[in-house]
Structures are given as structure tokens and as C-alpha cells.
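Here's what TrEMBL has on this protein:
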- 179-237: domain 'Pre-SET' (DOMAIN)
- CYS181, CYS183, CYS186, CYS191: Zn(2+) 1 binding site (BINDING)
- CYS181, CYS192, CYS219, CYS223: Zn(2+) 2 binding site (BINDING)
- CYS186, CYS219, CYS225, CYS229: Zn(2+) 3 binding site (BINDING)
- 240-363: domain 'SET' (DOMAIN)
- ARG251, GLY252, TRP253, ASN320, HIS321, TYR362, LYS390: S-adenosyl-L-methionine binding site (BINDING)
- CYS323, CYS389, CYS391, CYS396: Zn(2+) 4 binding site (BINDING)
- 385-401: domain 'Post-SET' (DOMAIN)
Amino acid sequence: AWYVPCLASHETLQELCRKENLTCKSIGITNRSLKSYEVEYLCDYKVEEGKAYYLVKWKGWPESSNTWEPRKHLNCPLLIQNFLRDKNEYLSRGRGGKAMKLRNHVKTLKPAIADYVVKKAKQRIALQRWKEELNRKKNHKAMILVENTVDLEGPPLDFYYINEYKPAPGINVLNGITTGCECADCPAEKCCPKEAGFILAYNKRKKLKIQPGLPIYECNSYCRCGPDCPNRIVQKGTPYSLCIFRTNNGRGWGVKTLQKIKTNSFVMEYVGEVITSEEAERRGQFYDNQGNTYLFDLDYDSDEFTVDAARYGNVSHFVNHSCDPNLQVFNVFIDNLDLRLPRIALFSTRTIKAGEELTFDYQMKGSIDLSSDSAEGLSPSKKSIRTVCKCGAMCCRGYLN
């Protein structure tokens, strides 16, 4: 027997089961729960004979089963609160941000308002499911939150969370390690960085002490030292809880930290598909036409490979560009000493406050500079579509590329 993944949610499958009067224990539909009712969200509001009624979407039931219920029958204060907040938000937008509430004599909602609160409810559910999915798949202890208070955009449809590089066929990202250090207490004379000809990248407080451009050599899976080794930082994953949020100035999604981050601290890795530079060139032309790119050149020693985080990536996929960033890129070698295939780590350049957006300079990637001067000599087919920068920094260059 063989299986394929199901693309339908549990709620959709539950709706189908109830519609056909079928039971399925694996998705929570038993003979006992087949006729159970739980409020999923509220769709509409009306007043009849002085009584307030809400149109209820029942969890696991199709929309055709929605019913009007009096307020006293509903034991879902949070959903009612969400409904009222979404309704007032829609009304305030129509008045330039000024708060506005329904008057007492209004007995029904306008269709546009009802449509908006339903879309917000569905978005809230979708973002909650996405948050749960991200936290199931991550391999670090810190939490990932999701937030959109700006528009009706839901989770990206073609993005898959991964924790490490996803190599294209024929590319080996685990190569070159056959031995590790014998240190009983790292760092010692023969520790991994010194064996590679470099100094230890971290100080006693596990903060970065080397300058940008120098590589980081961490202890690997063959090393004698344990997980508490001070030379194991990047490999443990991000230690900070982060929030993927919707920006309010047209930059799409962004990432902010929920905790204070000290200077020279490891924040996250940049991961994605590892592809050849030739494939990156082909994809880059398509991305340029869309006005965005997630291509990161692995050009520490050569330019043979590129990381593409467009479809496969982690939280770093959502980190925006800034001409005055608070993150810096470093090349890291752990279980692969192939200089063509470093891991990419982002470290803080200064203290970052809780709630502050995380950014790095996309031009750190080593991609070609297509400023107005350098683009003049290129043929029309080689000229890239220029993307306007919206970082808002005092030193903003005006364009992302």
C-alpha cells in the first residue's frame, strides 16, 4: 500500500463526515461527537424583538448548517469579543481611524461588515493553524508567533518550513568531517577553529568576538565535547522567541523579536534549497519579474552554489532588508568543511529591544550591484527590474538591488 498526504484540514474532513453521517475516530468524529456543536466563529448579528442574535458557524459543520442563536445561548466570550472588535475595526477604517460603534437602533449589519468579520475570523483561524504548524516543525525551544493586524492576508500558500539546508540532487551539504576535537574543555590547543587556522569565534559569554568576513568553525558531531561546549552556538538553533508579523508599509511579512537581544548574539540561520549558480540564474530572472528574491549566494570561497529560500526556509525567509540593519551575516562550518557550502548565520550588530523588527542588508549576499551607474553598460535583457527600498533608514540607498 502507498499513501499521499491529505491537503484538507481536520475541520474540512469533519464537515464532510458530518454531511455524509460518517464516523472517523482519527479525526475526532465518533458516534458520540457526530452531533456535537462547538462555536467556530460568529458570522453576523441582528436584533429581533429587542433580543440580540448571532449567526454561528459551528466547528466541523458546513456553512449550510449555520444557525442564528440568541446571545444567552453562547458561551464563547472570546469569540464575541473578536467579533465586536473586527466589526468596530471595519467601521473605524471607514472613518479614517476614528472609533465608531453601531447605534442601538441598528438591527442588522451591512453585508460588507458581515463579510469582513467572517474573513477576519477565517484569517485568525488560518494564522493560528500556521503558528501551530511552525512550532511543530521547528527544532529549537524558542516559540514562533504569527500576527497580522494590518490586512486580510493569510499564511503563504507555497512555503514549507525546514530547519536545515535542502540540497538539490547531486549536492552534498554534509561532507568533509571525519574527526573532531579531543578537548575535554573547549577551547584547547587542538580545538576545531585552531585546526582550521582561525581563532575561536565566541567569548566566554558565548557572544561573537570576530570581525565580519571571518569564518566560524564550531565543534562537530565527531568532537569529544558535549552539548554545553561554548563552541556550539549556531547548531543549537535560535534561542529567542520570534514573531512573524504583517508590516504596515507594504513590505509584506517581517520578523520581530519578542525578547531583548544583546550585541553580537546569534539570532537565526538562513536556510533554504541549495542549488547551483546556474539554476539560481534561471530562477532569479523569474523572481526579478515578481519584484522579490530569496536567493543568497554562497560566495565565501567560490560562487558555485546559492541558497533559495523562496519555497523552503525557516523564519529567516520573512526577515526584511534594511540599509541600516541590526543583523550581520557570517559563514559557519560545522559538519561540513567544504568551503563552497558554508552555513549562513545572522548575528546581532547591536542591542535589539523586545518588539523591534529584525533586518539584514540583502547586499551582503554578494549579488551583483545593479545601481543606476553599474546597470548602464548592461543589455536590456540583463537589466534587472529595480525594487524600491522601503526600509526607512536615514542612509537608505533607495533600491534593494
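Placement of Cβ uses the backbone N, Cα and C atoms for every residue, glycine included.
Bear in mind that TrEMBL entries carry predicted annotations, made automatically and left uncurated.
Checking each of the binding-site residues (CYS219, ASN320, HIS321, CYS389, CYS391) against CYS191 (Zn(2+) 1 binding site), the C-alpha distance stays within 10 Å for CYS219. For CYS229 (Zn(2+) 3 binding site), the nearest of the binding-site residues CYS181, TRP253, CYS391 in terms of C-alpha separation is CYS181.
Cβ atoms within 8 Å of the centroid of the Cβ atoms of CYS323, CYS389, CYS391, CYS396 (the Zn(2+) 4 site) belong to the same-chain residues HIS321, SER322, ASP324, LYS390, GLY392, ALA393, CYS395, ARG397, GLY398, LEU400, site residues excluded. Across the binding-site residues listed here (CYS186, CYS191, CYS219), the residue whose Cβ sits among the most other Cβ atoms within 10 Å is CYS219.
Within 10 Å of the Cα of TYR362 (S-adenosyl-L-methionine binding site), the following binding-site residues from the list CYS181, CYS192, CYS219, CYS223, CYS323, CYS391 place their own Cα: CYS323. The Cβ neighbour count for GLY252 (S-adenosyl-L-methionine binding site), using a 10 Å radius over every protein chain in view, is 13. Listed in sequence order, the residues GLU182, ASP185, PRO187, ALA188, LYS190, CYS192, CYS219, CYS223, ARG224, CYS225, CYS229, ASN231 complete the 8 Å Cβ shell around the Zn(2+) 1 site centroid, once CYS181, CYS183, CYS186, CYS191 themselves are left out. Within 10 Å of CYS183 (Zn(2+) 1 binding site), as judged by C-alpha distances, the binding-site residues found are CYS223, CYS225; the full candidate list was CYS223, CYS225, GLY252, CYS323, CYS396. Sequence-ordered, the extra residues of this chain that approach the S-adenosyl-L-methionine site, with Cβ no more than 8 Å from the Cβ center of ARG251, GLY252, TRP253, ASN320, HIS321, TYR362, LYS390, are THR247, GLY254, VAL319, THR359, CYS391. Cβ neighbour count within 10 Å across all protein chains ranks HIS321 highest among the binding-site residues ARG251, HIS321, LYS390.
Applying an 8 A CB threshold to same-chain residues 6+ apart, the list for CYS396 (Zn(2+) 4 binding site) reads CYS323, ASP324, CYS389. Counting only the Cα atoms, the space from LYS390 (S-adenosyl-L-methionine binding site) to CYS219 (Zn(2+) 2 binding site) is about 39 angstrom. Highest Cβ count within 10 Å among the binding-site residues TRP253, TYR362: TYR362. Geometry remark: CYS391 (Zn(2+) 4 binding site) versus CYS223 (Zn(2+) 2 binding site), CA distance 42 Å.
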